[in-house]
Each structure stands twice: as C-alpha cells, then as structure tokens.
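A quick write-up on the structure given underneath.
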Amino acid sequence: DAARVNAFYVGNMVHDLTYRYGFTETSYNFQQNNNGLGGAQNDRVQISVQDSSGSNNAVFSTPPDGQSGQMRMYLWTYTSPQGDGALENDIVTHEYGHGVSNRLTGGGTATCLQTTESRGLGEGWSDALADWTEQKSAEERPFTLGSYVYTKNIRTYPYSTDKSVNPRTYATLKGLTAVHSIGEVWALLWHEIYAALIAAHGFTSEKNNTESTAGNVVALHLFIDAMKLQPCNPTFITARNAVIQADANRYNGANKCLLWRAYAKRGLGYVCTPYMNEMSYSKATTARNYKDTNQTEREFLNIPRTYGVKGIDHPLSKRGINASPQEAAKSFLESKLGVDAGNLIRKTGHTDNSTRVANEYFLQQFNGIPVANAVANVAVKDNKVLSFSASFVKATLHRPSQNSQSKMQLRRLTLTGAKYNSFPVGLEYFAKDNDQVVLTHTVQVQNTATMEWYLTYIDASSGEVVNLVDFTAEASYRVIPFTSQDPRDGFQVITNPHDPVSSPNGWHQHGTTKTTDTSGNNVISYASSIAETTTQSSATNNYHYGFDPKVSNMVHDLTYRYGFTESSYNFQQNNNGLRGAQGDRVYIMVQDSLITNNASFSTPPDGQPGVMRTFFWTYTSPRRDGALENDIVTHEYGRGISNRLTGGGTATCLQTTEARGLGEGWSDALAEWTEQTSAKERDFTLGSYVNTQSIRTYPYSTNMTTNPRTYATLKGLGDGDLHSIGEVWALLWHEIYVALIAKYGFTTNKNDPTLAAGNTIALHLFIDGLKLQPCNPTYISARDAVIQADANRYGGVNTCLLWKACAKRGLGYGATTTKVNSMTLPPGC
C-alpha cells in the first residue's frame, strides 16, 4: 500500500543521502549486506507501518551495529480520516535520523545518547535532518514538522531565524526534562547554521554532490562529521565544539566565525556556561581552504571522435590497400590505441547498404578472453574511417586460475526466484572501477513473473557477483517526492531513485538475493498485520504468452525499412538466411496483472526474444489498458531498438545513467515520429489516453514557454530521473523533426525510405546515429553521432540545421559534460 511503499522509499533515500556524507558501512550504518566494505551487516532497518500498537507517534529502536534498527509508524487521530505517519516524509526522516545519531555517536555502540540532554540532542538532530532534506532553495523559510498528521506543527514553534517567530535560546533548557523540548533548541541552532551557510555559499539542488561548496552541502558534512567527533553522551557545549572542530578538519576553519555567530545568536556563545546565554563569539578568522580529495578512477581510453564527410585514412589505406571494413577497423584501432592485434577480437559488424557505412565492433581481450565492458565501435565508408569510440582499459594481466567451486556457486545463484535461464555460460574479463580486471563467468538469470532479467558477472575465483546488467527498465515507486512533505504535495512516479554510490546494487538486493517487494539491503517495510514479508516465487520461470499485436509489427516493419534489419540485430523468429541471430521475436504480455500504471521492455542480446509487458492504468474510471495506447507500445518497442543498435547487438551499452536516460528519449521520439500525420507543427504528449493528460512533465514543443527545458536541465539529475533526462533528448528530436519538415516537407508514405521528405530524413538519422554512437553514449557523443550520420548519408547538407536545433536547447558547439548551456554554432554555420 501507499504507506509501506512511501516508508520504504524515504528510508532508502535517507540511507543513500547520509551514505554520501559519511554514514557508511565502516561508520556503522544500516545494511543487510556491506559488500565487503567493513562494519557489521545484517542490520537493515525494519519499518512497520500503520502499526496497531500505538497512535499519534512514531518510534525508532537503535541496537548496536550488526542488529537491525526498528521503526514503527502509527496512525494519527487528530484528523478525520486519520493521518498516516508513514506518508509524512519529515516524520519518517526524523525517525531514521535517530538511528544515524545513535550509531555515529560512540562508534556504533548505540549506547551513547542516554542522558536526558544527549537524548534531547538526538531529537534535535532528527528534526534538523528533516529540515535539511526538505529545503528546496536558498530562500530562508520557517520549517514545521508533522503538519500533515497534526494539521499544524507538532513542535512549540516553527524553526525560524526570526526571533519573534521562534524566541527560544540556550537558556530555555534550564529546568527542562522533556527531550523533545530540549531537542527543539538544538534543531533551531541547526536551522540558524543552515541559513547562515546558505547565505554565505549558496544552495544546490544537487544534494548528492558532496564535492559541492554550496552552503547546504557544507552543513550536512558538518552535521555528520561532528557526530563522529563528539563524546559519548554529549552536552550542547561539547556537541557545539564538535561542529566547530568538524569545520576545522574539513574546511580548515573557513566557517568558524559564521558558526560562532549562529550559536551566539541563540545564547550558545564562546564563554557560555551550562544553560546561561552568552552572545559573544570568537574573533578568529582563517582563509577558506577546502581539503582536496584524491579518488582513484578507472583509467579508460574513452575518447569518441568523428571525422566528418571525408573521413580519415587508416594504416592499410595509407599503404594503398583496399581493405575490408573489418580489416580497416582493426588496423585503425591497433594504430590509434596502441593495442596489439592479439588483444582485439571482433564482436559484430554490419554494413548499411544504402549509405555504405560499415559499423564494426571490437572487444579488448587478454589471453584470448574478451573484456566484457571494453568495447570499440568504428564506422568505415569507402576505405575511410568516419568515426570511432573505445572504452578500452590500460591493463596487462595473466590469466588467473579458476576456482572449481565457482560453477557450483553459479547454480545456486538466485535473485528473488530469478534462475539461470539456460543461455550458455560465458567466460569474460570485467574491468572494475578500482582498476582491477577480473576473470568472470557470465550467466543470465531470469524471472518472468517479476520482470527480472540480468546478465551477471561472477568472479571465477571467489564466486563474488562483480556486476549486474539489467535487461529490464527498472522499478518505479509511486510516492511523495523526497523534497515534499506530505500527500497534499501530490504523488509522482519516481524511477530508480537509489543512489549508485550508497546503494550500488539498488534497494532491492542484499548480497546475491534480489527482491521485488518493499525489502532490500537497507530497509524492509511491511504492514504490521502481516507476520512476514511477502516475496515473489519463480514457479512460472519459463512462462511466456506469445502475442503479436498490430502496433509492434508496424514498428518492426517501419524500422526495418530504415536499417533495423537482421544484420543490425533486430527481433525476428526467422531471419530468412539474411545473417544475424534469430529466434528472438518480441513476446508481449498484455493486461499483465503484476503492477499497474506502467509498461516495460526487456532487451537481451541478439538471438534472445525481447519481452514487452503492458499493464492497466488506474488514473481513470474505468481503468484503461496501456496496450491500447499506440505511443506507449511504440515507446516500449523503441527500448529494444536503441538497446540493440547501440553497441552492436550486445544489449549492454545503455547502462550508465545518462545513456539510459537517452534511451527513454529515443523511445519518446520514436513514438512522436510514428504519430505525425502532416507537415503542420504540433505539440506532442505521451500517454494522454491512460493518464488523460500526459505522462511527461511538458508537451514536446518548439515553444520555449510551453517547454522550457534545455541541456542545462540535466544538471543535478541522477539515477532516479531517467525519464526527466530522456525528456530533454526527445525534445531535441522534436526540434530536429520540425526543422527538417520545414525545410523538406512531409510525406505520409512513411515506409518509403528513399523519399527526401523531412520526416524520412529524420528517421534515417535517428537509426544511423544509434549505430554510430559509442557504448554508453553521452548527450554530446549522441549528438555528434547524429551529425556524423548526416555526413555519411547526405554529405553533411543538414549539418547547420542540426547544430541550430541542438544549440536552441543548449547543446551547441561549446557544450561540455558540465551540463552548462551553449547556444553557439560551429564555424561555417
């Protein structure tokens, strides 16, 4: 239900956020599996919602590191109907904050906030954490807690820098024994600190960017660091001193006077004694000098290049040899990257007969074994190299010995009932982020009942799961957004909100066990009337309903005409002797009862069937069938196209956050293309049948007022924002469609790819660009691939038109990966 899902969501969001700032495995956090990173594990937070053991409250029990924290959320009876505490984000955050402060103070013992004053400080930290998470801008605003369940504020005063709104000071503590009242003063001091730091250093919405120097980021660093520094059973004075020291440690005391002023304003000044106000502060100043952090990064030769219409010579052509595309690409890679011929293995390749452009894909290999995530893509035409990209790793190694037990461990591997699906087990190296290249078994595991389908890389020596590639668009949570307070702010569908650093395997996995209910590595959330969590079984593992609806066949036929053919890794049961792997038609399950308000597409490598699932949508009465909305079906099929064409049929080359977001954009753009009926420009909305309006933030429009999004919109978007990332890319395609149709007109004969109409040109560039771009493309490399596609097919006649469309939305000639808008055009445009 909504309460269980929202509590699960918020608990995980707080885990991921505080992990980034230092509440990690070695700092005694809550995780079922610590991924070998130290600390005690098997202690995820268990959340009971709508608990019948109480009302008008919430509780959190914090045992020592290694034992699960227990959160209980109750119904509140101050309103009719009753308010659910699990639906008020600040209450859930407050309770999780108890676990943070109890674990960090005293080194994971959970026994160092036991005095009245220190327990009061604990309440204050929890309120302050809730305040921090709900800040949305640099504007100082009073903060109230519990206003959904209580209709107003469950604290005495709002937290405010205005003394007429909140008059409390350090002297207020004198004679107090109620821990919440004590906590209100400490949380008020943190509110003053937040406001002062944001006024000095600004605010960022990129809260997970811990390298930012924005005031809210600085504040949370000091918040977490100080808890680690303070003594067991701290007082207000020792807790204050810990914050001052934390600033000295991390920022060389750059904020020392600012902090003292904030404390002194509320009576916790420089020479105060217990519960006596002191408004003075230290006069010391120090230069701002942030500590540098050196991070080891995996060293890749990831350098995509495009060479325009004419291309460049490769070593064989320089010697007058008319080489095959495969020979040309291989010689080029040997020369360009300094790779020995013996360390290159061709993965796949194909030639587009209409453009004569050959796309050749190579893997790096050692000792005859390929490196799975070291991929090169070279485009060749008329014995010239047009473009290339590579993600090769600088490494040499010897083949390690294999552990005979690893195959046994593979057989036992399960992911919530997902089992080995009989696809042949492979042997490949995998390049890890810590510069190590390890030998792995590659195994596919699948559970059709739960939409799980993974390619797993398992260390051949240790049996450890090194990496997972998810063939399926991942789960969505219909929840209250993390920066909102309660249901009055509205529910949204938030996809993949887990933080990749804090929860590297997502929220639904601990160890090799994968879940599809509200349990995972960090939290298990359940209704209290249920004795234990419910898990999905895999009894129907190899169970498919074959269904071949009209829309999917239309998309197949259309995109086949434009280059998504057998040799380009399309979906067909029989390839009629025309190369490529077959036996891989798309399976579609309609009116699937697993979930609602969604659709999914699983894309395995060429030769294995894609699987589409469509569900009912409940936003109308009666509910509506997603399979009856053509743009949704086309969008889902589009996932299969972009995943197959990028990376040469491996289906593993749209795995980074940005690349997966681009995948969402291509799918929206394909749906829009298929629904154009004339040259008249019109705004496009997706999902307006099932949702009555649109399932995207804005209509796709060339009008900057109707849709104001630009490349800079991407800044701050992360793993939970794939659809938002995709909306910008689809918008760029909308601009391209309109510009091309304005120049060349429109044809309703869409299945004739030889026509020179603007819409046919656009779809050629769409498909060709996917073939040219590198594995895990960025916006910049995807844009460059489209421009190169025009050079390959049309001699570059549309180069300036494409640049102008991209520049209008900030992806101009000067755009970089910093996601800052550039409206500039290249020389000649």
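Every residue number used here counts from 1 along the chain in the order it is shown.
Cβ coordinates come from backbone N, Cα and C, glycine included.
Curation plays no part in TrEMBL annotations; they are all automatic predictions.
Here is what TrEMBL records for this protein:
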type	residues	note
DOMAIN	350-392	domain 'FTP'
BINDING	Glu474, His635, Glu664	Zn(2+) binding site
COMPBIAS	502-520	compositional bias 'Polar residues'
ACT_SITE	Glu636	active site
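Tertiary neighbourhood of the domain 'FTP' (350-392): same-chain residues 300-308, 310-314, 317, 322-323, 325-326, 328-330, 332-333, 336-337, 339, 343-344, 398-399, 427-431, 437, 439-440, 442, 457, 467, 563, 567-568, 579-580, 647-648, 650, 652-653, 753, 768, 771-776, 781, 784-785, 788, 791-793, selected by CB-CB distance under 8 Å and a gap of 6+ residues from either end. His635 (Zn(2+) binding site) carries a helical DSSP state (H, G or I). Straight-line distance linking the Cα atoms of the residue listed as 'active site' and Glu664 (Zn(2+) binding site), rounded to a whole number, equals 9 Å. Within 10 Å of the C-beta atom of the residue listed as 'active site' sit 27 other C-beta atoms, taking all shown protein chains into account.
Secondary structure at Glu664 (Zn(2+) binding site), taken from DSSP and collapsed to helix, strand or coil, is helix.
Broken down by DSSP into helix, strand and coil, the domain 'FTP' (350-392) contains 0 helix, 33 strand, 10 coil. Cβ neighbours within 10 Å of His635 (Zn(2+) binding site), excluding its own Cβ and spanning all shown chains: 27. All protein chains included, Glu664 (Zn(2+) binding site) registers 26 other Cβ atoms within 10 Å of its own Cβ.
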